[in-house]
Amino acid sequence: MAAPLTAWPWEFLGSYKYLLFGPLIGKALYSIIHEDPLKVLMNSWCLHILILCALRGIVHQLWSSYTNMLFLTRTRRILQQGVDFKQIDKEWDWDNFIILQGLIASTACYLLQFLQNLPLWNTIGFISTLVLHVGVSEPLYYWMHRRFHGNYFFENYHSLHHSSPIPQPFTAGNATLLEHLVLGAIVGIPVLGTTLMGCGSIFVIYGYVLVFDFLRCLGLSNVEVISHKLFEKAPLLRYLLYTPTYHSLHHTEMDTNFCLFMPLFDAVGKTLNSKSWGLHKEISLNAGKNGRAPDFVFLAHVVDLSSSLHVPFVFRSFSSLPFTMRFFLVGFWPSGIVAMLAMWAWAKTFLITFYNLRGRLHQTWAVPRYGFQYFLPFALDGINKQIEQAILRADKMGVKVISLAALNKNEGLNGGGTLFVNKHPDLRVRVVHGNTLTAAVILNEIPKDVEEVFLSGATSKLGRAIALYLCRRKVRVLMLTLSTERFQKIQKEAPADCQHYLVQVTKYQAARNCKAWIVGKWITPREQRWAPSGAHFHQFVVPPILHFRRDCTYGDLAAMRLPDDVQGLGSCEYTMDRGVVHACHAGGVVHLLEGWTHHEVGALDVDRIDVVWKAALKHGLKPVSSSEVNSLCNNISE
């Protein structure tokens with residue numbers, strides 16, 4: 001049986017928990033409509049509680065965004081591990097404490113009339129709040145925190161907070177109901193005390209609560225933002241303000257550094273970790289220096305405006321789920337457009353996410369270009385320059401493999417990476433387009449007993465390889481292309497006894513009886529109508545085609561699941577499920593794990609498709625939802 005006051009009473013509400021603010025919102029709206037707006041702004045405690053709760057959420061979100069801006073914070077990180085899905089899920093309801101304290105505040109304002117009709121500012125109140133914080137809240141928190149590290153309270157309550165291995169701003173909210181009731185009292189003492197003395201004010205309440213949250217997020221940010229030089233110039237200051245490094249030691253060595261914000265109380269209580277100042281100086285000195293070089297880089301790009309928000313430094317929880325269009329994203333389009341234009345004008349390739357696999361560091365970098373820009377003729381040279389600079393930077397850093405995503409390896413853009421390899425023949429980093437594994441994934445989705453497939457994008461690199469591979473399996477391939485010359489060139493590459501399995505078609509109508517469609521070129525809903533009922537659409541086109549036909553099934557983009565021993569992975573790659581990456585990403589991982597020393601650029605070597613596939617399986621990469629794929633394939637064959 002769980003200990004009392006561990007669970008939140010509104011857990012069953014899920015995301016509807018915010019309806020608990022309904023009465024406050026209703027009363028605030030009523031006051032705004034029926035009373036003088038200026039008077040409401042000054043005296044409506046409902047409105048102030050709502051505004052303060054919103055601001056508290058924004059403080060935590062901004063800190064989370066900053067800590068996840070790895071292109072800014074990478075060299076300032078204290079603990080180097082990544083935040084994985086398990087931790088993100090544990091901290092999903094981090095904002096429960098804001099709801100709790102908002103309800104407590106509204107109850108207090110309703111019952112205690114002296115909390116209403118406060119002035120904007122009171123200097124004595126400001127001083128009183130500081131005195132009460134230092135004299136009451138700080139020592140009380142220190143004493144309670146040490147009690148929560150006792151056997152019973154830690155096991156039943158505080159262990160939840162420490163179950164987050166990497167401190168994050170949202171870790172501040174990852175605690176039990178009892179702990180947040182105690183914390184609410186600690187926050188409330190200076191506010192209530194100052195108001196009881198008759199010197200409370202609106203600015204003091206806002207300022208104290210928001211600074212309190214700001215400092216908690218600072219300590220849990222896992223990013224050292226305070227220079228050691230500040231403490232060298234003012235040594236006593238180190239006892240008045242903790243640092244992220246100071247608090248991280250509490251999470252790694254839990255019997256020290258218990259203070260709220262002031263290490264003075266650890267010094268008095270003899271719980272100050274002796275490593276605190278030295279580790280802080282070491283991390284501060286290393287800020288700005290190049291840290292550990294990645295072994296593998298996946299060079300991605302932005303797909304569109306909405307998906308540009310699907311990154312940890314915008315919304316961590318949203319990026320931990322496969323991307324789907326959400327209504328709330330529309331409100332961020334204006335700022336997204338500004339960011340897009342700024343990146344187009346000034347940005348260079350930057351770090352997005354990372355994870356670790358078998359002692360190797362894997363990073364995802366992004367070219368600051370959006371999908372539509374790859375189809376603007378005047379933008380192509382600039383894009384190639386960005387990709388080239390990223391490859392040269394990776395080479396200088398000692399990266400072993402760099403894999404090009406989707407449009408970054410477009411044939412018309414750079415010949416599938418050939419441009420860079422030919423221009424820089426002495427590259428030590430291996431450039432990989434990953435199309436060999438992409439082809440292998442698609443081909444292994446197709447049932448062994450299929451006799452005919454329809455292939456659009458048939459003369460592309462991938463289309464060519466798929467067609468040649470299938471014709472060797474005695475599968476009839478309807479290759480959609482208007483270019484007889486390109487078709488015949490591919491047909492001549494096939495063995496003489498297999499060439500007749502390759503058939504040129506020029507219209508979608510030719511596939512009206514074919515249930516296996518392989519889509520390498522975007523097709524409209526109208527063109528999908530030609531597929532027979534029960535057809536399955538395999539695809540290697542970006543963006544994916546619309547799921548228009550309810551009587552057909554649609555495959556995702558070619559992808560593979562990373563090995564089970566991957567560590568620190570906490571974001572989804574576009575529409576992929578958790579732990580799943582695009583096949584071109586996985587192809588680079590296999591290249592690294594196998595220790596291959598060749599570049600994989602340009603045309604695909606059909607003979608290597610099976611070699612790469614077997615290597616991927618050997619290293620623990622798995623086909624995505626193989627049981628579902630087999631079920632779909634069986635339906636097609638029937």
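Counting begins at 1 with the first residue displayed.
Each Cβ is built from the backbone N, Cα and C atoms, and glycine gets one as well.
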- Note on the structure: Range annotated transmembrane segment in TrEMBL (choices 120-143, 456-479) is 120-143
- Task: Take the transmembrane segment (181-209) and find every residue of the same chain, 6 or more past its ends, with a Cβ under 8 Å from one of its Cβ atoms.
- Result: 5, 42, 48, 52, 55-56, 97, 100-101, 104, 108, 114-115, 118-122, 124-126, 128-130, 132-133, 136-137, 140-141, 144, 175, 260
- Message: How about long-range neighbours of the transmembrane segment (327-347): same chain, 6 or more residues beyond its ends, C-beta under 8 Å?
- Response: 302, 305-306, 308-309, 314, 368-370, 373
